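Copied from Swiss-Prot, the annotated features are:
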- ARG110, SER111, SER112, LEU113, ALA114, ARG115, ASP128, VAL136, LEU137, GLU138, TYR171, LYS178, GLN182: dCTP binding site (BINDING)
- GLU138: active site, proton donor/acceptor (ACT_SITE)
- 169-193: region 'Disordered' (REGION)
Amino acid sequence: MRLCDRDIEAWLDDGRLVITPRPPTERISGATVDVRLGNQFRVFRGHTAAFIDLSGPKDEVSAALERVMSDEINLPEGEAFFLHPGELALAVTLESVTLPDNLVGWLDGRSSLARLGLMVHVTAHRIDPGWQGRIVLEFYNSGKLPLALRPGMMIGALSFEPLSGPAARPYNRRQDAKYKDQQGAVASRIDKD
């Protein structure tokens with residue numbers, strides 16, 4: 001059962017759930033908290049790689065990722081990031097989120113943006129118990145027109161679901177947690193699997 005607005009506010013008030021900066025009441029709906037777009041992005045560079053062998057030797061996968069992913073792009077305030085049709089880009093939420101070990105979060109895109117072709121997450125919308133950091137957004141433009149995305153715009157909504165008990169292996173205590181304390185648009189770390 002997901003938390004309702006009253007429960008979200010209670011969890012925020014007593015510090016079990018932390019969202020920084022804390023969202024005002026107007027951004028907390030019946031079962032969700034609206035999140036905004038941050039100013040950090042990462043895209044695929046122009047490259048000549050025919051493919052990335054995801055099950056190949058780790059050093060080759062790592063080198064391929066290094067060749068195709070851009071450095072982090074920090075957008076100045078007021079500027080737009082343009083996502084063209086058929087393009088994938090990574091970005092982050094403006095808000096940082098800290099979940100306790102007995103709560104899982106879910107990220108959903110906004111219907112109004114989806115109706116223009118914008119996917120906010122390609123597949124990864126679960127936020128693990130014990131997570132701490134900003135949420136990476138996996139943007140894909142499936143529409144026909146370029147989309148101008150501006151830092152600070154409402155980009156998605158988080159919902160929260162209590163677990164049956166505390167997780168034995170929350171994200172913040174896992175040795176293999178590849179994105180622990182993530183603050184920027186971190187590229188894939190599939191080579192760390």
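The backbone N, Cα and C atoms fix where each Cβ goes, glycine too.
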When you measure from the Cβ of ALA114 (dCTP binding site), how many other Cβ atoms are you left with inside 10 Å?
14
Counting across all protein chains present, how many other Cβ atoms fall within 10 Å of the Cβ of ASP128 (dCTP binding site)?
18
What does the structure give for the C-alpha distance between ALA114 (dCTP binding site) and GLU138 (active site, proton donor/acceptor)? Integer Å is fine.
13
